[in-house]
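Here is the structure we will look at, set down as structure tokens.
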Amino acid sequence: MVYTALTWQRLHGTAAGLVPSHLPQEGEKGSTHPTPRPLGTTPRVTAHIEPPRPWAAGAEPPLPAGDGSARESSPFIGSAAADGDSLLEGKNMALFEEEMDSNPMVSSLLNKLANYTNLSQGVVDHEEAEDSRPRESKAPCMGTFIGVYLPCLQNILGVILFLRLTWIVGAAGVLESFLVVSMCCTCTMLTAVSMSAIATNGVVPAGGSYYMISRSLGPEFGGAVGLCFYLGTTFAGAMYILGTIEIFLTYISPGAAVFQAETPEGEAAALLHNMRVYGSCTLALMAVVVFVGVKYVNKLALVFLACVVLSILAIYAGVIKTAFDPPDIPVCLLGNRTLARRGFDTCAKVRAVSNGTATTALWGLFCNGSSLDTACNEYFAQNNVTEIQGIPGVASGVLLDNLWSAYSDRGAFVEKKGVASVPTPEDGRASGLPYVLSDITTYFTVLVGIYFPSVTGIMAGSNRSGDLKDAQKSIPTGTILAIVTTSFIYLSCIVLFGACIEGVVLRDKFGEALQGNLVIGMLAWPSPWVIVIGSFFSTCGAGLQSLTGAPRLLQAIARDGIVPFLQVFGHGKANGEPTWALLLTALICETGILIASLDSVAPILSMFFLMCYMFVNLACAVQTLLRTPNWRPRFKYYHWTLSFLGMSLCLALMFICSWYYALFAMLIAGCIYKYIEYRGAEKEWGDGIRGLSLNAARYALLRVEHGPPHTKNWRPQVLVMLTLDAEQRVTHPRLLSFTSQLKAGKGLTIVGSVLEGTFLDKHVEAQRAEENIRALMGAEKMKGFCQLVVSSSLRDGCSHLIQAAGLGGMKHNTVLMAWPEAWKQPDSPYSWKYFVDTVRDTTAAQQALLVAKNIDAFPQNQERFSEGSIDVWWVVHDGGMLMLLPFLLRQHKVWRKCRMRIFTVAQVDDNSVQMKKDLQMFLYHLRISAEVEVVEMVENDISAFTYEKTLLMEQRSQMLKQMQLTKGEREREAQLIHDRNTASHTAASRAQAPPTPDKVQMTWTKEKLTAEKHRNKDAGAAGFRDLFSLKPDHSNVRRMHTAVKLNGVVLSRSQDAQLVLLNMPGPPKNRQGDENYMEFLEVLTEGLNRVVLVRGGGREVITIYS
């Protein structure tokens, strides 16, 4: 190097006479420091974090609220608002000052990056519109228990538990019921694991499950799944309303029925008609409540949840009570057939009276008269009437009788196993007799379809994401705990029901053998009414919640605009309430109510929820297998095999429940998918397989041509700029090794190089060079494209590659090149000029630039680092690429065991403690694990080392401009000038008097003493003396000060790092200082082993929402 005579001692000493008087001396006031920024200001950030755009020309940046800081009001170093009296104001970061408007200091952004605020929608807007008083904006404050666990618990536990679980246990037996519940709970648990990975892959937006799914799956899948989720939620509302009416008409007020059955055979039809009438009225009432006062629905949610919890506690209390005091609940059997307790009170054929024997009311139901000699039903005549206990208790041993299934056909008798019965030929099996009959045909798959809705509701926590204090932590924890809790409740209830309740009572769906009482209510303690009233209010509340959530879901889909014919439903009242969406939801819900049967509606919503869960698992599996850069879930306990198993289980359950419903639901989802995908797109058919492949490639290229990818989907698509030697071999093969470690075979990689000359003369060399490059790419196992350009100059060839490499949307957004190590050597005098122009070209093309320094020291793919660190020095914020690179590198085996450390620089007036907290919070939201350190750079005086290094740099530059030398002579002449200058200063220093106290003694080195003894006494040296009287430019002094200071700080902490990533300052706007720019970068990275200089292009973004 030119400056070999400069020693480390000069960092601490000042050469006499070298520091001009206008520089601030030790103890003098060189600059004024403004008051620190108040810590209370927390700006709201609700979108992805991008580099801020420059302010309007001539305008001052807005002053943050409550901050009177002069520097904060003008955050750009060297701006017009800076203190004009101090030429060295902000000299610590002067190297980056020309781009401070677009790439601000990290310290000025950390507070905004870390302390984002979610915007909640829907209900909050409605409440604020209805309340005339001004509200203070409240930060999200819900924790895991209140915000996720309890809502999931309320949504999962519901109508099926109270109305159908005992019947499922009776029909399928304890073992098969256990299998049904285990399958469904396993399905939701695997889905919850996949959902947790998706929910923790970025900040969950305040829009709930649809936003989470659609932003992960894309518009096509997102729209299809979103509509399936909407239809499932809507039919869930119908199911809850039907459950509410069934409880009311069957167990609370049977006399309120509008339609009365004249015969026992007409009871089922009358019940369906009553369900339709009351269900429609209830739906209308609930829709009015949701339209008028949705805030009351949310305030009553805890009341409804309390009903559910109390009902479940009453069940467990009743089970415990049966162990020592079983209730007296007699059930009447005729032979082995269960009798419905209607029209008789005594379970006997005859009864004893004072003067003999008399027939009972039961006799009159089976015989033509009340006398003992009248003709009776043959089965009644040949079988005895017995009475058993309906709930014999836990200690009775009835569990063994209930272990196995007892499926039956529709209209079959509910019979007790093991009881003697004399079969008789029947004509008209029931014919109006008081038997308990099966109302539907039961088998395993039917019960799965009916039961599955009881495990849905796992997304209730993510629907409240905008109100959660820490959604990334609360959603996985609360959801999985809720599923574990409810799974335990369901599985334990299956065993307890089978151990406590007689089998015929379990199979009695409507409690006809118990005088029309709810079976699970008769088990509960202290009263059956606890269960009846609790289940009534819980199902009513669940229906209200469905009618509240479904219209908002439809409104979100409509506002996304992915399904054009639904856009009308995105509008609503002035306060944002989804009026039209509520109307459509009520109409769809009415179709479910007109079906009128809870057992028929349940499989429908099972299909839609299973479809939704299947795509959630698919999304997680695909994201994991693709390893996209934005896939960094904070929830680590997921694997693609679990997601694939969950997806397969969802698909299997769909066809188990009902194959024709499954095909119908998939057809709906497929039609929606294709409608969104091909909306406005032209289809073109090719000929044969080749034509199909070419058409698919063309279609895919046209799809990505329409615009740049969304910021969340940004990933580095790399153009690698290689240099070739005279034999067309790659000069730095490890640049390709580094590329393969960075890309890991994913995304686009273009390897480019330039040959100087004309294509007619160089086409053979070009082919040989391309073959060499492809062979090297194969050796490095790197998949990509090779593009070689022959150009009249290297400069133009590099520019052409940057502009034109790639095809259509498959274009690079990042340029990777090696640092020109020989830029000072005589044989490559223009290498620095090509390099600086390439930097400018990438900036103009809005492409990121990676410059690998000391590339030959980088590891090959076969090497492994067993320890060490990747150090990121984040000085200015230019889009977040610095954060993304170490994450991508650590996916490769070479760098996997390296830990990541992030350093950022604080100035004197920055609160470094708060900066560290903000940076840790920002990294937490980015899902990046790294050690964090804030380094304080004190604005001390510029050292003599910096001043003299700047002076020598400018003298060399000025001399080369004055002397018209040949290319080979320039470097040698510059070295000669440096030697003469050294000798001249040595002679002048000897003639001087001893230093005064305000001067600092120069430290002499052995090299300088040798130079003094053997100095060149050529008289021509005097001719250069006027050149050395120049004073260095103040801006160059400040830039060199930045480079020296920052280099010293980086060396002190990262000298032993395996890799250092550092912000790359932009080239000067004045092209006359290009060679100085190279010197600044050289000083900035001096002493570091492996360095990658990173310069953002403005489009790359790493976001907290990815």
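The backbone N, Cα and C atoms fix where each Cβ goes, and this holds for glycine too.
The transmembrane segment feature in Swiss-Prot is assigned to 144-166, 174-196, 221-249, 274-295, 296-324, 444-464, 475-497, 529-555, 579-597, 598-622, 637-659, 660-675. Marked as K(+) binding site by Swiss-Prot on the basis of similarity to another entry: Asn155, Ile156, Pro453, Thr456. The topological domain 'Extracellular' annotation in Swiss-Prot covers 167-173, 250-273, 325-443, 498-528. If you look up Swiss-Prot, you'll see Asn336, Asn355, Asn384 marked as N-linked glycosylation site. Residues or ranges marked as chloride 1 binding site in Swiss-Prot: Gly457, Ile458, Tyr613. Under the heading phosphothreonine, Swiss-Prot lists Thr996, Thr1003, citing similarity to another entry as support.
For the topological domain 'Extracellular' (325-443), the DSSP counts in helix, strand and coil order read 17 helix, 27 strand, 75 coil.
Asn155 (K(+) binding site) and Gly457 (chloride 1 binding site) have their C-alpha atoms 5 Å apart, to the nearest angstrom. Between the transmembrane segment (274-295) and the transmembrane segment (221-249), three or more CB pairs separated by 6 or more residues in sequence fall under 8 Å, so the two stretches touch. Between the transmembrane segment (529-555) and the transmembrane segment (296-324), three or more CB pairs separated by 6 or more residues in sequence fall under 8 Å, so the two stretches touch.
According to DSSP, Asn155 (K(+) binding site) sits within a helical segment.
Among the listed stretches 144-166, 444-464, 475-497, 579-597, 598-622, the one sharing the most Cβ pairs under 8 Å with the transmembrane segment (637-659) is 598-622. Taken residue by residue with DSSP, Ile458 (chloride 1 binding site) is part of neither helix nor strand, so it is coil.
Contact check: the transmembrane segment (221-249) against the transmembrane segment (579-597) gives at least three Cβ pairs closer than 8 Å, residues 6 or more apart, which meets the contact criterion. Ranked by Cα separation from Ile458 (chloride 1 binding site), the recorded positions Ile156, Asn336, Asn355, Asn384 are led by Ile156. Tertiary neighbourhood of the transmembrane segment (660-675): same-chain residues 220-221, 223-225, 227-228, 231, 449, 563, 603-604, 606-608, 610-611, 654, selected by CB-CB distance under 8 Å and a gap of 6+ residues from either end. Between the transmembrane segment (296-324) and the transmembrane segment (144-166), the number of CB pairs under 8 angstroms, six or more residues apart, is three or more, so the stretches are in contact. The stretch from 174-196, 444-464, 598-622 that makes the most Cβ contacts under 8 Å with the transmembrane segment (144-166) is 444-464. Using the rule of three or more Cβ pairs under 8 Å, pairs at least 6 apart in sequence, the transmembrane segment (174-196) is in contact with the transmembrane segment (598-622). Among the recorded positions Ile156, Asn336, Asn355, Asn384, the ones whose Cα sits within 10 Å of the Cα of Gly457 (chloride 1 binding site) are Ile156, in sequence order. With a threshold of 8 Å between CB atoms, the same-chain residues lying at least 6 positions outside the transmembrane segment (598-622) that come near it are 159-160, 163-164, 187-188, 190-191, 193-195, 197-198, 213, 216-217, 221, 224-225, 228-229, 231-232, 235-236, 238-239, 242-243, 246, 440, 446, 449-453, 456, 592, 638, 640, 643-644, 646-647, 650-651, 653-654, 657-658, 661-662, 664-666, 669. Put simply, Pro453 (K(+) binding site) is 41 Å from Asn384 (N-linked glycosylation site) when counted between their Cα atoms.
Same-chain neighbours of the K(+) site beyond Asn155, Ile156, Pro453, Thr456, judged by a C-beta within 8 angstroms of the site's C-beta center, are, in sequence order, Leu157, Gly158, Ala236, Ser454, Val455, Gly457, Ile458, Phe609.
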